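Asks: Below you will find the structure I want to go over with you.
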Amino acid sequence: MRVLVVEDNALLRHHLKVQIQDAGHQVDDAEDAKEADYYLNEHLPDIAIVDLGLPDEDGLSLIRRWRSNDVSLPILVLTARESWQDKVEVLSAGADDYVTKPFHIEEVMARMQALMRRNSGLASQVISLPPFQVDLSRRELSINDEVIKLTAFEYTIMETLIRNNGKVVSKDSLMLQLYPDAELRESHTIDVLMGRLRKKIQAQYPQEVITTVRGQGYLFELR
């Protein structure tokens with residue numbers, strides 16, 4: 001696995017690089033957004049770890065720009081901002097997960113591995129509920145044969161809902177899919193991801209297909 005680390009603090013960047021390499025992965029380390037763009041385009045990383053306080057372009061701006069350009073790799077954010085509003089902003093920008101500073105390197109590694117487990121390929125298989133189609137091997141959602149660009153976590157939610165078409169999926173069940181490690185779970189994350197997912201679906205298919213069932217969870221159903 002190739003990891004892109006975007007962090008302007010040289011010492012922290014070095015520690016992250018060493019730890020990730022020791023885990024058996026390849027690492028490209030960038031000190032600013034310009035260098036990050038270069039590695040993104042030239043080395044095609046599998047996941048990016050992005051600090052928000054970059055010198056040339058704010059990390060949130062970088063993430064939004066990548067997502068608007070259909071960059072779909074998982075993104076883990078490093079941030080010193082601790083309020084729930086800041087966390088919601090990070091997720092709304094297109095990040096898949098975040099770690100607040102100060103942090104233990106072990107937590108960064110655990111969250112990175114959790115993201116990659118969610119993004120790993122499966123045996124070739126397609127779930128078709130016209131006009132919706134999920135390609136399990138490519139981890140892609142298509143509506144009317146148009147691929148919808150989803151983040152790793154958005155895709156996992158969509159796959160889980162479609163696998164349970166017509167059945168209510170609890171928030172706890174979705175959290176388990178996203179975060180197998182219990183200590184990494186934060187329930188409000190689902191609400192943010194679900195809001196993003198609904199917007200992307202409605203841009204291509206205006207009818208409501210994901211319903212919130214009060215006190216129970218979420219329901220995917222074609223009417």
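From the backbone N, Cα and C atoms, a Cβ is placed for every residue, glycine too.
Owing to the predicted nature of the structure, the values given are computational and were not obtained by experimental measurement.
Found this in Swiss-Prot, in case it helps:
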DNA_BIND  124-222  DNA-binding region
DOMAIN    2-116  domain 'Response regulatory'
MOD_RES   Asp51  4-aspartylphosphate
Asks: Determine, from DSSP, whether Asp51 (4-aspartylphosphate) sits in helix, strand or coil.
Replies: strand
Asks: Is it possible to list how many residues within the domain 'Response regulatory' (2-116) are helical, extended or coil according to DSSP?
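Replies: Counts, helix then strand then coil: 56 helix, 24 strand, 35 coil.
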Asks: For Asp51 (4-aspartylphosphate), just count the other CB atoms lying within 10 A of its CB, please.
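Replies: Looking across every protein chain shown, the total is 22.
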